[in-house]
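Student: One structure is given below, represented as structure tokens, and several questions about it will come after.
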Amino acid sequence: MTRLFRLCKIIFVILYHGLDQLALSGFKSRRIRALVWVLTLGRRQTRPRGERLRLALEQLGPIFVKFGQVLSTRRDLLPPDVADELAKLQDRVPPFDPKIAAAIVERSLGKPLSALFHRFDHHPVASASIAQVHFATLRGGPDDGREVAVKVLRPGMLPVIDSDLALMRDVATWMEKLWADGKRLKPREVVAEFDKYLHDELDLMREAANASQLRRNFAKSELLLVPEVFWDWCTSEVFVMERMHGVRVSHADELRAAGVDTHKLARDGVEIFFTQVFRDGFFHADMHPGNILVSVAPESLGRYIALDFGIVGALSEFDKNYLAQNFLAFFQRDYHRVALLHVESGWAPEETRVEELEGAIRACCEPYFDRPLGEISLGLVLMRLFQTSRRFNVEVQPQLVLLQKTLLNVEGLGRQLDPDLDLWKTAKPFLERWMHEQIGWRGLVDRLKIEAPQWANMLPDFPRLAHQILERHARDNGSAQTATLSALLAEQRRTNRLLSAALLFIGGFAVGIIATHVLAWLARH
């Protein structure tokens, strides 16, 4: 019954904001089109469609606001005006009762509040749809007296989320079957992505692990501070981390007054982003101004401070390599290389005609590159590329969409601090150095160090595995095993070539050292 009432409310909000016309106009059925005409007869909507959608999501509550925020990152699927409007959604809800927050902390950690903290501020400093944050001072153990931020999960979220997600899945299924653009927009995939995103956010231990990983990655960095995680005070409902002090990155005048070089700060932000993406393959994916502070303490003046680790992105070595090559090809205006990389990486279907994709990419990107480099937005270039990719059935990877959204945030922050920020001038040396390390001799030697022991371990088993496959082939008279054997033989040949190259390299290196010592001995005698 509750679900039925919720559905009725959703339908009412859709009708109130005139979204029925927007939603139903894309359906294939003539009957539905006729229904649209009847329902909208005499109704006039003065607000743009994107604004109406944003207002409807805000009226439906925090879960739908979250959904709109996630949807705003899928610029490969949405019209630009709708995506821009959804990006304005703010995840702000009234705080829940501090007594309930204290009770959750006590139940989750198994101790009274007075045994856990010297002080616990009952007035929350931040409140969102998933959790709210209180400041406190730890009691007991080696961290006694440390100032911390306590993030507490909002109670009763799971039933509400599951109910709304069930409705979203039903609507997505209908859309995919009946809507003309249903298959292209992949509504069920979008809802499934949102489902995973929400359930990840409901586990604060996951967020604590993200914070710990990022802190470890930047432990020796002079650019970024990440709060320490206090694991003994962390559960799936409570996340306790070091309290950080700083000025919001968007308050540029206040930062300058404190002696921070905002031009350097803008460049540092770009370097932090590319370091996360290409060095670590793990990046903070929610870098809006509310989640970034800047330290004004004398010992760490001008260092960024990261907060809120609920959304992170990860890239494989494969993705990092192709992404770096794409960026370099973009700024060399080598559109053929960009198109070729899309096909080679599997992002575009194998049957894609490279020349056609190249022409579409040129038409998409050339208007941007006619501007001065300081005015070029890498994030917007990626966004336009995703939109162009619709025509070629290019499968946009979720991690790349997260990266594009984060890059837009980084650029926006950077140009608030320094309007003349040349993103490419800052990023290019980093990318070229990374590519040299990965693809040059150093990268080859590093990979050989990692892979050679594994290859050496596998080689003795190869004859036995080949014999087993041949026996199975003889029994089953199948062809799949032959293909497997061929693949194994190809792998064996490739392994032999790589090992030979490694031995040749090591041998040459050894000969060089011996020759150097011999020449030195001859020179002395």
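Each Cβ is built from the backbone N, Cα and C atoms, and glycine gets one as well.
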Student: With Val125, Ala126, Ser127, Ala128, Ser129, Ile130, Ala131, Gln132, Val133 listed by Swiss-Prot as ATP-binding, which of these, Lys99, Lys151, is given for the same site?
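Tutor: Answer per Swiss-Prot: Lys151.
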Student: If you count other CB atoms within 10 A of each CB, which of Val125, Ser127, Ser129, Ala131, Asp286 wins among these recorded positions?
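Tutor: For the recorded positions Val125, Ser127, Ser129, Ala131, Asp286, the Cβ with the most other Cβ atoms within 10 Å is Ala131.
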Student: In Å, rounded, how far does the Cα of Val133 (ATP binding site) sit from the Cα of Asp286 (active site, proton acceptor)?
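Tutor: Per the Cα atoms, Val133 (ATP binding site) and Asp286 (active site, proton acceptor) stand 17 Å apart.
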Student: What span in Å does the ATP site cover, taken as the longest CA to CA distance among Val125, Ala126, Ser127, Ala128, Ser129, Ile130, Ala131, Gln132, Val133, Lys151?
Tutor: 14
Student: In whole Å, how far does the CA atom of Ser129 (ATP binding site) lie from that of Asp286 (active site, proton acceptor)?
Tutor: 15
Student: At the Cα level, what's the spacing in Å between Asp286 (active site, proton acceptor) and Val125 (ATP binding site), rounded?
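Tutor: Cα to Cα, Asp286 (active site, proton acceptor) and Val125 (ATP binding site) are separated by 19 Å.
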Student: What is the Cβ neighbour count of Val133 (ATP binding site) at a 10 Å cut-off, with all protein chains included?
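Tutor: The answer is 21.
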